[in-house]
Every structure is written in structure tokens, then in C-alpha cells.
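What TrEMBL records for this protein:
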BINDING   7, 18, 191, 213, 214  3-amino-2-oxopropyl phosphate binding site
ACT_SITE  43  active site, proton acceptor
BINDING   45, 50, 100  1-deoxy-D-xylulose 5-phosphate binding site
ACT_SITE  70  active site, proton acceptor
SITE      151  site 'Transition state stabilizer'
ACT_SITE  190  active site, proton donor
Ligand SMILES: CC(=O)[C@@H](O)[C@H](O)COP(=O)(O)O
Ligand SMILES: NCC(=O)COP(=O)(O)O
């Protein structure tokens, strides 16, 4: 079964816009789980534009499903993971000034950096996933870093899906097969939505988890959070 992890970054963006506590991120996390989300994902960026360091700690005791913390593995990130021991850490090669995640790891070039941080993170008991482009060679090479999973970066899929669904999914199927052969599990995320999720899941049924934020939060503005989460879950069943 593919799990739906709801990325709550954008709720924090809205909260931070007024400097208060509306919407209440902790209530949002509780409610997402009550409405069926099988995980909560956050990406505490260094500038705290949405998720703050305090949020990372405050959310921890409320997560009854699966806590997934994404980020570039600098000292701050490693400490957050060591302190809060989430079920999963997802390593993303983002520089501090990117608008949003825009590339996966070059798992060959950064093999020793990744081996080093993944070793440290796994000592804390956390599963480690690394963000990769749909590239067979780089997906297979992720196994040499010590990662447990890869997260396929699905922005290109989301863009191409609008033009040609078969061409959009093809590199993702190849990368999945290469990673599975090396014993890795598969996650996916970025710009997945109610239009493109079902086709992705049907073609990559081995998916362990998808993390979805931006589109889900936008949909919730029109359809409500509970209804929206149920609609996303339906696409995965
Ligand atoms: C790792 C990833 O795919 C991103 O989608 C990320 O978590 C989103 O970050 P922002 O919400 O800051 O755009
Ligand atoms: N890892 C991807 C994620 O958490 C959410 O990405 P998006 O749906 O906000 O693009």
C-alpha cells in the first residue's frame, strides 16, 4: 500500500504571513492524521520561511503516523533529526536560497558526503531517503550511499504529464526498476496532484510513499482539508 504523507509547509507559510498562530500548525498536523493522512512531511528550510526550528520539535509528540523531515544535511538538519528521531529523513540537495526543491542528488559525485551523513542519521534509528532525478544510473548508485529509499523528484513528470503521459512516466519506471534491483524502496514527490497522481501510482505500484503539499493545500482551499485528503487517498487505492 502506498502511503500518503501530507507536507504541511504551506500551512506554515500562511501562518507566518501574519506572525501569529493562525492557522495552528499543530492542529493542522493532528487533523491531517485524523482525516486519514499516513504521514506528515515538513521541510524546515534555514530561513524558516515556513517551518521553524520550534515547529520541528513541537510537532514530534503529535505525530502518530510517520514523521518525515526533509532538508539539506547540514549541521542544523542533522541535529534536528538526532533530537527528534523522525521515522524518516529525506535528504535534498537544495541550496539555502532556492525557491523550492529543483533537483535531485548526483549520487555518484556526492557519494562520500552522503555516506557520511547517512551513516550518522541511521545511528539515530531514522530511515533515510534521498531525493533523486528519474535517472537509472543515479537511482541505482543511491544504494552505494547507504540510503534505504530514494524519493523520485516528480516535477518533470508533472510538467510532461500534460503533454504525453507515457513519455512522462517512462524514465520513472526505468529509475524505479534500477533502484528496486539494488534493494532500495521508492518514494516520490513534488508537484503531484489530483490530475497526475493516479497514473503515477498505477504505473509504479511499488511506491512506498508519496509526499504531497502544494497542490493538496491549494485544493483544500476549495474543497476543505478533510475532503481533499480523502480524495488524494482515493487516487492511491
Ligand atoms: C523535497 C521536495 O520535493 C519539496 O517539494 C519540498 O519539500 C517543498 O518545499 P517547499 O514547500 O519549500 O516548496
Ligand atoms: N517531497 C515532496 C513534498 O513533500 C511535497 O512537494 P509538493 O507537493 O509541495 O510539490
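Cβ coordinates come from backbone N, Cα and C, glycine included.
Everything TrEMBL records as a feature, shown here on the structure.
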{"residue": "7", "record": "3-amino-2-oxopropyl phosphate binding site", "Cβ contacts under 8 Å, 6 or more apart": "41, 42, 43, 189, 211, 212, 213, 214, 216"}
{"residue": "45", "record": "1-deoxy-D-xylulose 5-phosphate binding site", "Cβ contacts under 8 Å, 6 or more apart": "51, 71, 94, 96"}
{"residue": "50", "record": "1-deoxy-D-xylulose 5-phosphate binding site", "Cβ contacts under 8 Å, 6 or more apart": "9, 10, 12, 13, 16, 43"}
{"residue": "70", "record": "active site, proton acceptor", "Cβ contacts under 8 Å, 6 or more apart": "41, 42, 43, 89, 90, 91, 92, 101, 131, 211"}
{"residue": "100", "record": "1-deoxy-D-xylulose 5-phosphate binding site", "Cβ contacts under 8 Å, 6 or more apart": "190"}
{"residue": "151", "record": "site 'Transition state stabilizer'", "Cβ contacts under 8 Å, 6 or more apart": "90, 129, 130, 131, 132, 187, 188, 189, 211"}
Problem - Most distant Cα pair in Å, residues 45, 50, 100 binding 1-deoxy-D-xylulose 5-phosphate - result: 12
Completion exercise
Neighbouring CB atoms within 10 angstroms of the CB of residue 43 (active site, proton acceptor), all protein chains considered, total 23
Practice task
Identify, in sequence order, the residues in the chain of residue 191 (3-amino-2-oxopropyl phosphate binding site) that are 6 or more apart from it along the sequence and have a CB within less than 8 Å of its CB; answer 'none' if there are none.
Solution key: 154, 155, 157, 158, 159, 214, 215
Handout entry: Sparsest-packed among the recorded positions, when each Cβ's other Cβ atoms within 10 Å are tallied, from 18, 190, 214
Key = 18
Exercise for the section: Check the binding-site residues 50, 100, 213 for any whose Cβ is under 6 angstroms from an atom of ligand 2, and report them in sequence order. Expected result: 213
Completion exercise
Reading the DSSP string in three states, the entry for residue 43 (active site, proton acceptor) is coil
Exercise for the section: Tally every other Cβ atom lying within 10 Å of the Cβ atom of residue 213 (3-amino-2-oxopropyl phosphate binding site). Expected result: 24
Handout entry: Whole-number Å value of the largest CA-CA distance among 7, 18, 191, 213, 214, listed as 3-amino-2-oxopropyl phosphate-binding
Key = 26
Fill in the blank from the handout: Result for ligand 1 contact check over recorded positions 100, 190, 191 with Cβ cutoff under 6 A is 100, 190
Completion exercise
Same-chain shell around 1-deoxy-D-xylulose 5-phosphate excluding 45, 50, 100, C-beta within 8 angstroms of the CB centroid, reads 9, 13, 43, 49, 51
